[in-house]
Amino acid sequence: MAIGVKALHLSVVPHVLAIAGAVMVLVWNIHFRGGLAWESSNKNLIFNIHPVLMLIGFIIIGGQAIMSYKALPLKKEVKKLIHLVLHAIALILGITGIYTAFKNHNESGIPNLYSFHSWLGIGVIVLYGIQWIYGFLVFFYPGGSTGLRRESLPWHVLLGLLVYILAVGNASLGFLEKLTFLENSGLDKYGAEAFLVNFTAIVTILYGAFVVFTVFSIAPQEDDYSYSSI
């Protein structure tokens, strides 16, 4: 099934949204939240790394990995490598982003894994890692048999989309959770920062939606189905 739009053309929209989302999350955490720091007496600066890495590193680069195999007019092997590397970068940055949340909590005396957002986040990153490892072994190296790849492909696509949609949803849930904490601590509910966070969540959802749309758009002629678009 494909929608009647070329993937390369459709991918322009999520690229614009990716730039907007990256700028917005950086403005929020640097301008409004005080900046980013790996080590600081102000533990909030450590936590600020978390939303930046999860959005830019995990959601945006992860989405680029998905679109790269579908939209780029390159040879299959080149697209496969780009796809694999981008997903690996997204996974590494996502793990680092989760680590900063634990680091902030541990150094601030805050309990870990007390919210649905944190539970779902751990589940998503584990599934993402399993998906990457399986894709690497079956579709890249050492590579499965033709029959195994053919049978695995629809499940690889389906599970890849499911994991990515869960990641986007959980990122939006994270924005809501953080904004709720801030508002309960006195942040103006109708102030500039509150609006910025809400609009960043909206851009995140729109970006994820257009990434999914790109999967179902028309691929360049060079594309074949020996490897998943996820």
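Heads up, the Cβ atoms here are built off N, Cα and C, so glycines get one too.
Annotations in TrEMBL come from automatic prediction, not curation.
Keep in mind it's a predicted model, so treat the numbers as computed, not measured.
Look at TrEMBL and you will find 12-32 (among others) tagged as transmembrane segment. Sequence-distant contacts of the transmembrane segment (12-32), counting only residues of its own chain at least 6 positions beyond either end whose CB sits under 8 Å from a CB of the stretch, comprise 48-49, 51-52, 55-56, 59-60, 63-64, 67, 192-193, 196-197, 199-200, 203-204, 206-207, 210-211, 214.
What TrEMBL lists as domain 'Cytochrome b561' is 13-216. The domain 'Cytochrome b561' (13-216) scores a mean pLDDT of 96 in the predicted structure.
Look at TrEMBL and you will find 52-69 (among others) tagged as transmembrane segment. Note on the transmembrane segment (52-69): residues 7, 11, 14, 18, 21-22, 25-26, 29, 36, 79-80, 82-84, 86-87, 89-94, 96-98, 100, 128, 160, 164, 167-168, 171, 174, 200, 204, 207-208, 211, 214-215, 223, 227-230 of its chain, located 6 or more positions outside it, place their CB under 8 angstroms from a CB of the stretch.
Look at TrEMBL and you will find 81-99 (among others) tagged as transmembrane segment.
If you look up TrEMBL, you'll see 119-141 (among others) marked as transmembrane segment.
Counting residues 6+ beyond its ends, the transmembrane segment (153-175) has Cβ neighbours under 8 Å at 51, 54-55, 58-59, 62-63, 66, 116-117, 120-121, 123-124, 127-128, 131, 134-135, 138-139, 197-198, 200-201, 204-205, 207-208, 211-212, 215, 225, 227-230 in the same chain. The transmembrane segment annotation in TrEMBL covers 153-175 (among others).
The transmembrane segment annotation in TrEMBL covers 195-219 (among others).
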